[in-house]
Structures are given as structure tokens and as C-alpha cells.
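Visitor: One structure, pasted below without further comment.
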């Protein structure tokens, strides 16, 4: 009996200490604890661009990020979108030949992210961790991950998989985002396969950050990274943040380049798909695109198999609806979340953090579980 007890104790100690609850995507909604959830929050993006985590940088940036989490909670929000590698300034660590050797040279990245996730957990705030920036990508080592399978595998094996394994027990980890706005470095071009044909996007401004990658290479990279995440953590949610509605729907004559068939066709890995859609939206000259998220309801996009998050928006680049009305519109028109840009208040189309706090207050405590409504906002993460 003593030996049996000792064996059972050993098994219990060696077992992953998973929480009983994690954010889930089912059909067109997010769920937590059996309740439909609306991700109401902000983009932290970064405090120090590309240098918030890893190589000891978190010591100077972590306190500010935690203060921002406090502000999200105080305003009634529940989610923040946080950028990790960005353009590879600090992480991952590359050798002289461009192969990834580890998460970062001082190997602090995982502990940094773990600490922030634990803090967010205590404040009932979910974090979406964004791996790379596709709007701008000037690091040749990161660029080569899109072209060289052996280098991409070195990232997957030596940085990504260790991160996912170390963090998969964190209930505040809402999702992994492979790329922010990959259309920024898209090389528009024609292709017989509609998944890869982006010829119509050239006139829409795609490639503003430098025309570096054809769509097929982007989709293959997303497919491989998503597959690796799902291999390490089958329950993980994965997404991609598109610059607009133009590339994540087949409605209105557009093309959904990130649907399952396009991703698996490009990369060949059946589990290398995204678990929810994510559109970014800003007005131009004070006008929304006619089919922008704040002009139509989510059902108009016909992507009803997965949740749909408005991953970036700002009241200063809207049609003067007011930030609280924008949050309410998303909540009442079938969207599964809305995140303002951006809490450090830097750059164009960025609301002040005080205005973003005011915006989140519009949905504080909301919990409408009826059809077409957002669901629960005040989430008790445990």
C-alpha cells in the first residue's frame, strides 16, 4: 500500500498543473467556464518596441505593463494584446548563420512572459501574445524564416515549442498570434490558386512596409507555426491579425486567404490553422470602408465557423461615433471582441490611454448571453 501511494503521489506531482478552465473557441463564439465571452480590451502592443521581453529587458518594462493591466481591469476590460518578438530585436536568439538557438541570449523570455501572465491572471485579464510583426519586418534573420525551412524549424524547435510548453498551463493566455498584419510585407501578385492570388490588393495599399513575401510563403509560415503550437498544446487558440476585412472574408468579392483550406494547402499541416479570425479597421479621411466592421454586422462576412475579433480600432480614426459607441456596436452586432489601439498612445490612429479606459467602461459588467450579443465581459480567470 505504501508503494502504491508513493507511485500515485509521483504521478500526481509529475502531471501538468492545468487549470480546469481556458478560453475556448466553439462555433462563432468564445467561451470560458461555459459562458459566452466578449474580449473587451486594448492593444498594449509594446512599451519598448521589440524589447519588452527577453535579455533582462523585462525588469525595466514589466512594471509599466503591469500598471497597464491594472488600468484595463479598473476600466472593466478583460483583454490585452501584447507583442513579443516583433522584428527580432531581442528575441529569438539567432546564431551567425541565421538559425535560432534559443528564446533569447540570456534565456529570460519565458520567465518574463510567465510573470506577466501570472499577474494578468490575478487581475482577471487575458493576454493575446503576438509573435512577429508583419506590418514591418526589417530583420533579415526573421525574413529568412519565411524562406528557409531549416531555419523555420530551428525557431519552432528551439524557441516556439519551449515557450508554448512552458506557458500552456497559464489560464490567462488567451491566444497566440503568429503575425500582426502580414499584408504589410506582402508582395502582391497573380496566381491561378485564389488562395495565393493577391493582385487586387496592390491597389489597396498592401506591401506598405516593403513587398517581401508572396502570400503562399506567408500562409506556409503561418501553417507551420500554428501546427507547432497545436502540437505542443492542442487546446491553444491561434490567430492572425489582418490589416482589414479585405483578406479574411469571401463576401463582397473579397478573398479569405486565411481559411483552413488556404493555410493547409500552402503548408501541408492539417492542424496548422487559425482558431479565430481577427480584423483591424481604421477610417480613411474620416470615412470607413463601406464593408468595414463598424459598417456591417459580423454575419455579413460569412465566417461563422469561428469567432471574429476586431483586433485593432481607434476612435481618432473612425467616423466620430465616439469610443464607447464603437465598443457597444461590436458587442451588439455579433463580434466577439474589440481592442483599441494603442495603450502607449504612440503613432497615428492611436487613442490616448485615458480615452481607451473610458471606452472600456461602456461594457463594464455586461453579460448578455442571447444570440448576436457579445456575452460575458467580467471574467473570473481561475
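For all residues, glycine too, the Cβ spot is worked out from N, Cα and C.
For reference, Swiss-Prot lists these features for the protein:
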type: SIGNAL; residues: 1-19; note: signal peptide
type: BINDING; residues: 83, 144, 147-151, 180, 187, 204, 208, 243, 282, 284, 341, 348; note: substrate binding site
type: ACT_SITE; residues: 181; note: active site, proton donor/acceptor
type: DISULFID; residues: 195-262; note: disulfide bond
type: ACT_SITE; residues: 312; note: active site, nucleophile
type: DISULFID; residues: 317-349; note: disulfide bond
type: REGION; residues: 346-350; note: region 'Involved in stabilization of the transition state'
Visitor: Based on Cα distances to residue 149 (substrate binding site), point out the closest of the recorded positions 181, 195, 262, 312, 317.
Guide: 262
Visitor: For the region 'Involved in stabilization of the transition state' (346-350), give me same-chain residues lying six or more residues beyond its boundaries with a C-beta closer than 8 angstroms to one of its C-beta atoms, as numbers and ranges.
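Guide: Cβ under 8 Å, 6 or more out: 282, 314, 316-317.
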Visitor: If you measure residue 282 (substrate binding site) to residue 262 (disulfide bond) at Cα, how many Å is it?
Guide: 26
Visitor: Spatially speaking, which of the disulfide-bonded residues 195, 262, 317, 349 is closest to residue 208 (substrate binding site)? Use C-alpha to C-alpha, please.
Guide: 349
Visitor: Compare the C-alpha of residue 349 (disulfide bond) with the C-alpha of each of the recorded positions 83, 181, 187, 341, and give the closest one.
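Guide: Checking each of 83, 181, 187, 341 against residue 349 (disulfide bond), the shortest Cα distance is to 341.
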Visitor: Restricting to the region 'Involved in stabilization of the transition state' (346-350), what is the model's mean pLDDT?
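Guide: A mean pLDDT of 91 is what the predicted model shows over the region 'Involved in stabilization of the transition state' (346-350).
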Visitor: With the cut-off set at 10 Å between Cβ atoms, which of these disulfide-bonded residues ends up with the most neighbours? Options: 262, 317.
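Guide: Compared across 262, 317, the most Cβ atoms within 10 Å surround 262.
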Visitor: Far apart in sequence but close in space: which same-chain residues, 6 or more away, have a Cβ under 8 Å from residue 312 (active site, nucleophile)?
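Guide: Within the chain, residue 312 (active site, nucleophile) has Cβ neighbours under 8 Å at 43, 241, 280, 281, 282, 339, 340, 341, 342.
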Visitor: Would you list the DSSP helix, strand and coil counts for the residues of the region 'Involved in stabilization of the transition state' (346-350)?
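Guide: Helix (H, G, I), strand (E, B), coil: 0 helix, 0 strand, 5 coil.
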Visitor: Using DSSP reduced to three states, classify residue 317 (disulfide bond) as helix, strand or coil.
Guide: helix
Visitor: Counting all other Cβ atoms within 10 Å across every protein chain shown, which of the recorded positions 149, 181 scores highest?
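Guide: Selected residue: 181.
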